Amino acid sequence: MNTNVRLKLPFVCFAWQIAMIILFGVFVRYNNESDAHWVQNMAQNNITSAIENDFYYRYPSFQDVHVMIFVGFGFLMTFLKRYSFGGVGFNFLIAAFGIQWALLMQGWFHSLDPSTGKIYIGIENLINADFCVAGCLIAYGAVLGKVSPVQLMVMTLFGVTLYAVEEYIILNLLHAIDAGGSMIIHVFGGYYGLAISWVLYRPNLHQSKHLQGSVYHSDTFAMIGTLFLWMFWPSFNSATTYHGDGQHRAAINTYLCLTSCVLTTVAISSLSQKTGKLDMVHIQNSTLAGGVAMGTAAVFMVSPYGALIVGFCCGILSTMGYLYISPFLEKTLKIHDTCGIHNLHAMPGVIGGIVGAITAATASESVYGMLINTFDFTGNFKDRTVFAQGGYQAAGMCVAMVFGIGGGAIVGAILRFPIWGDPADENCNDDDVYWEVPQDEEDQLESVPPILEYCNYMTNKPEDES
Amino acid sequence: MNTNVRLKLPFVCFAWQIAMIILFGVFVRYNNESDAHWVQNMAQNNITSAIENDFYYRYPSFQDVHVMIFVGFGFLMTFLKRYSFGGVGFNFLIAAFGIQWALLMQGWFHSLDPSTGKIYIGIENLINADFCVAGCLIAYGAVLGKVSPVQLMVMTLFGVTLYAVEEYIILNLLHAIDAGGSMIIHVFGGYYGLAISWVLYRPNLHQSKHLQGSVYHSDTFAMIGTLFLWMFWPSFNSATTYHGDGQHRAAINTYLCLTSCVLTTVAISSLSQKTGKLDMVHIQNSTLAGGVAMGTAAVFMVSPYGALIVGFCCGILSTMGYLYISPFLEKTLKIHDTCGIHNLHAMPGVIGGIVGAITAATASESVYGMLINTFDFTGNFKDRTVFAQGGYQAAGMCVAMVFGIGGGAIVGAILRFPIWGDPADENCNDDDVYWEVPQDEEDQLESVPPILEYCNYMTNKPEDES
Amino acid sequence: MNTNVRLKLPFVCFAWQIAMIILFGVFVRYNNESDAHWVQNMAQNNITSAIENDFYYRYPSFQDVHVMIFVGFGFLMTFLKRYSFGGVGFNFLIAAFGIQWALLMQGWFHSLDPSTGKIYIGIENLINADFCVAGCLIAYGAVLGKVSPVQLMVMTLFGVTLYAVEEYIILNLLHAIDAGGSMIIHVFGGYYGLAISWVLYRPNLHQSKHLQGSVYHSDTFAMIGTLFLWMFWPSFNSATTYHGDGQHRAAINTYLCLTSCVLTTVAISSLSQKTGKLDMVHIQNSTLAGGVAMGTAAVFMVSPYGALIVGFCCGILSTMGYLYISPFLEKTLKIHDTCGIHNLHAMPGVIGGIVGAITAATASESVYGMLINTFDFTGNFKDRTVFAQGGYQAAGMCVAMVFGIGGGAIVGAILRFPIWGDPADENCNDDDVYWEVPQDEEDQLESVPPILEYCNYMTNKPEDES
């Protein structure tokens, strides 16, 4: 197979970047709070202090989310022994492209002023763009090591587009709530990736089996990704929730859910081995399932012990997934899932959607004070009951799943065209295909002389010494 | 020895997590600012803007502290050549458990509403839980590589309990100030760990000597931990100080103290070697002593040059500790201290306590404006003088030390029971006991053929070439 | 050459640290917002909430900048196969010294109250000190692996001094705007380092050629540095801009500029290789050029698509620089630039200065609302036109370049004195000169026995097996 991407990759990068510049030129402007006119507007809007700019509510959370996208997802994917460059590097590339395209796609749906035809952006748009890209990076996890960077760019282009549409349907038409994106990000991203991996199934992947799995230091690198995801997930789920108690509660719920998830992950991981040894794959991934599952309900009054219960279940389910469901998916359904996104994102995302639907359906004024604040029952939705809201939440999850599976199948078919420079089966999981890899082998040769001397010594040493 | 923890570890994780869920269900609720009723309360309390929610004062600092706990402590303990998984992984496990238990223990002492019997939690509780766990993670540093995960869980359970009690005595009964926890966290945690290590002393630890020490990349990993601790320590010491100038000053003092600590650490490290070479152990650890020592006095008006002086002394003392005191402790007192927590936490914590006592005793209204703001001389303490305050600060340090040494001795005795799956002497410092370690050896075998070819070439090469 | 720094390095560290303490004692005090009197001042100044303390506007950005300085710059310089300790460790040392000296130097110029003769510091001073040190760390990139820590300390002492002077000229006398320091930090730091490297040129550096370049894991470590710089650059460029829309817009512009820079870097990197493979050097460095180039104009109304265009150009220019200009500089001008700071800082900084000058010169009230807010046309500068402002911006860049080249040449001459313990040509890029390096070789010896067995087996195996 021709894996030379010398013309394809630069062409895609240049073409899409130029398209972005043109579209941004036509459509994108600063919003009210990031425009230099804001100081004058403050006075008109009775804002007395610059600290009321949305920037100060959201920027710390935004930076945490940003770290999750680039360091979290990036380093989590460095675990393969010879695919660390591809893991962190391609993650970097597609995220950088994806957030531009997401600003446009989401902008057209959510931030377009019909009177001027412009998209007005501020810090919240940047967070949402990062969220949108997260869906595509999840999908990358399923095909890690098996696709070319050109395929990843195509996958991201379509992924962001599909995401923006399903997000619009779920948030605006169904008026579901999904602040941390259990459904919109994780269910969609998970099934999108799995469907693509299913279409691109490689029956002879065992030919690169020697490059599957990790080495000691690649597993340690991956823990950097795990921890930054784990630590900053409270910021992820609270980043776009409403000011004040909304952000506050979302952070607390996610924090608690993640802690209990760690304990049950460790428990199941240890139980699953004859000798009780822990498996790094579980620690790196299943400990995060609690953050995924708290995505929809984070802003709800699930109560602290409720959050702990969700994490408890997710740690078990996700680790079980690595032990039993992933092998089943590969053997029976022919879906190879490199990072186990089904266990980390798809299943916990579904749990999150269900938890969200139940919590919404059982909300009451005694618990919430004014339901209108949390559920935004205004405008077209002012007569909606919480019970109906529960139903719409569930409907939202179905939409996410349909978009993921359907979209992934179609995009997978596009990626099968033999024009994208994808690697042969025996070259999978190998950075050497798309990267100039430094010659560590030279080090080995340099270390030979002392070994040789030692050999000679061992061979020729006097008998009495041995 | 039986190091199979297949039943013990899952049992402990499940039992304790279920207990947490039940206790949270009975006791823990959202506090005023994280509850959905907050919007209504705002109006009643004359709060005009959501930005006044405590979340916005403390959340950025909280996330920095969170990074210190999981990445900082975790990666600092990856320095051993074959115990990186245990360093970062067990740190992750016990911190995740500990913060749940800390929310309860600290909640009963500090956030319990007697009228309802509930603990009301908000962002400040999360920070304090992270602080509490820090004490246990410090203790882990003394026994790193020598205990089983089950022992660590037990150690954390008791550690958090003891911490909450001594904290209550020091902060509430003695009314001492210790915002960054020089005494409460570092003196307690340090002596707690040393006492445990003393009870668990292994005279034959030299049997795993080949696994002591670091390799090149494990030292580089440890620098990730060092730097995140160093950078975010200003947030640690300022996270729970009072709003406004309190947080502002605590951050500045800590920042300055840490900078001068780096220079004297480097100086002593270089001086201590015949060839003037620097020792990574010192750079990784002693550079942080300034942050520890500024824990009590950070919020006081120590003045910028005062902060520099504290750092100056701590860098010297801590590095000297690694050179002379640690070997002495091991040889004479039979205390083996894997990470040198005596030099990084215990001694600098004592310095911090002393600095705090002196600074408090010499406080004056001309320097502080109103002493009541900084020292909170209200209620039962409204007649206390600053000189008395200095005495109570010193008393607080003694309490922390007594709890650390006494508690550690008792917990150490519990951990000696031969039921916890601890490793044999020759298996210490080896991830292979509790983790599925990837087979790097295969790599070596794969690299043999070229070496063999080279050997053959070297052996058979014509004489004229050599 | 004598590389024993056992007396020199401790002497320099102690002497300078003691000098800092004395100077801080004489000059440095808390400013209004970090002093305990602030609570009383709040009432006088009609500040109703503690959240108005500058701390809450700037502290999250400060911590991001702090991460860039210590983890970003530090880990970016770990890429060499045996100089990771020196990269991250010496970066740590000189940054810790430099920020102290910067607080003084910048304080004398900007925060000195003539009536009391004191420098009053707050969070903004800490950010500016970090900025100042960034200039010296950039310069370190040019001489990485080729100088002693004593030389680095000298280089930092003079670097900070020169920086403070040129900053005063550019910001105060010329009244140019340079919030993210394209000119003040990057142009100055870049040319300062290149001039030093030119004076210290080593014609026989090829003697340590086997230690140039990276290995697989050192490149992965360097990506930690790259990503933290890339992610937090929006905070860097917005950290000291004016409250509200100023910080908001600066962050958005930098974020956008960096995204497009990634795509063109990848494109050119792939184009430049026959096989289309990507080069880690480009990904690690050129992706950051957009942040540098947006330093001056970040706060201006460059508009989102303008930011994308700047990033587009910088990715191309910087990668081209690694391919063509760096070899030219080394071959023709005898400037060896280890990290390629000319491509990452100097050139993009010049672009940034030009973009800033053009954007300022074309500013209009219709776009900016009130020009006075952004350009601060008050006091002596109240009659300045935007067109004149463009000229002064350009003049500022020339000042930065002159200070960099001139200062670097002089400091380079000082560093040539044979008293600083610099390494011989064959010892360059080798941590073993200044660090106690752990004995990885022992591991190799331990791995010999199995290899030997394998050798014996291969040599003696029966013919029928082969």
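Placement of Cβ uses the backbone N, Cα and C atoms for every residue, glycine included.
If you look up TrEMBL, you'll see C:7-28 (among others) marked as transmembrane segment.
The domain 'Ammonium transporter AmtB-like' feature in TrEMBL is assigned to C:53-417.
Residues or ranges marked as transmembrane segment in TrEMBL: C:65-83 (among others).
Here TrEMBL flags C:90-109 (among others) as transmembrane segment. Same-chain residues lying 6+ beyond the ends of the transmembrane segment (C:90-109) with a Cβ under 8 Å from its Cβ atoms: 13, 16-17, 20, 23-24, 27-28, 69-70, 73-74, 77, 119, 121, 125-126, 128-130, 132-133, 136-137, 140, 149, 152-153, 155-157, 159-161, 163-165, 167-168, 172.
Annotation comment: TrEMBL describes C:121-140 (among others) as transmembrane segment.
Sequence annotations record features per position, and here TrEMBL assigns transmembrane segment to C:152-171 (among others).
The transmembrane segment annotation in TrEMBL covers C:183-201 (among others). If you look at the transmembrane segment (C:183-201), the same-chain residues 6 or more away from its ends with a CB under 8 A from one of its CBs are 131-132, 134-143, 146-147, 155, 159, 162-163, 166-167, 170-171, 176, 292, 295-296, 329, 333-337, 341-342, 345-350, 352-353, 356, 396-397, 399-401, 403-409, 411-413, 415-416.
The feature transmembrane segment is assigned by TrEMBL to C:213-232 (among others).
What TrEMBL lists as transmembrane segment is C:252-271 (among others).
The transmembrane segment annotation in TrEMBL covers C:283-302 (among others).
Annotated transmembrane segment per TrEMBL: C:308-329 (among others), in sequence order.
According to TrEMBL, the feature transmembrane segment maps to C:350-372 (among others).
Annotated transmembrane segment per TrEMBL: C:392-415 (among others), in sequence order. Cβ atoms under 8 Å from those of the transmembrane segment (C:392-415) belong to residues 139, 147, 151, 154-155, 158-159, 162-163, 165-166, 169-170, 174-178, 183-184, 187-200, 296, 349-350, 353-354, 356-357, 360-361, 384, 422 of the same chain, restricted to positions at least 6 beyond its ends.
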Looking only at the recorded stretches C:7-28, C:65-83, C:121-140, C:152-171, C:350-372, which one has the largest tally of CB-CB distances under 8 Å to the transmembrane segment (C:213-232)?
C:65-83
Would the transmembrane segment (C:252-271) and the transmembrane segment (C:308-329) count as touching if the test is at least 3 Cβ pairs under 8 Å, pairs 6 or more apart?
yes
PLDDT averaged over every residue in the domain 'Ammonium transporter AmtB-like' (C:53-417):
96
Proximity of the transmembrane segment (C:283-302) to the transmembrane segment (C:152-171), 3+ C-beta pairs under 8 angstroms:
no
Checking distant contacts: for the transmembrane segment (C:65-83), what same-chain residues at least six beyond its ends satisfy Cβ-Cβ under 8 A?
91-92, 95, 127, 130-131, 133-134, 137-138, 140-141, 144-145, 211-215, 218-219, 221-222, 224-226, 228-229, 232-233, 235-236, 239, 280-281, 284-285, 338-339, 429-432, 437
When counting Cβ pairs under 8 Å to the transmembrane segment (C:7-28), the leader among C:121-140, C:152-171, C:350-372:
C:152-171
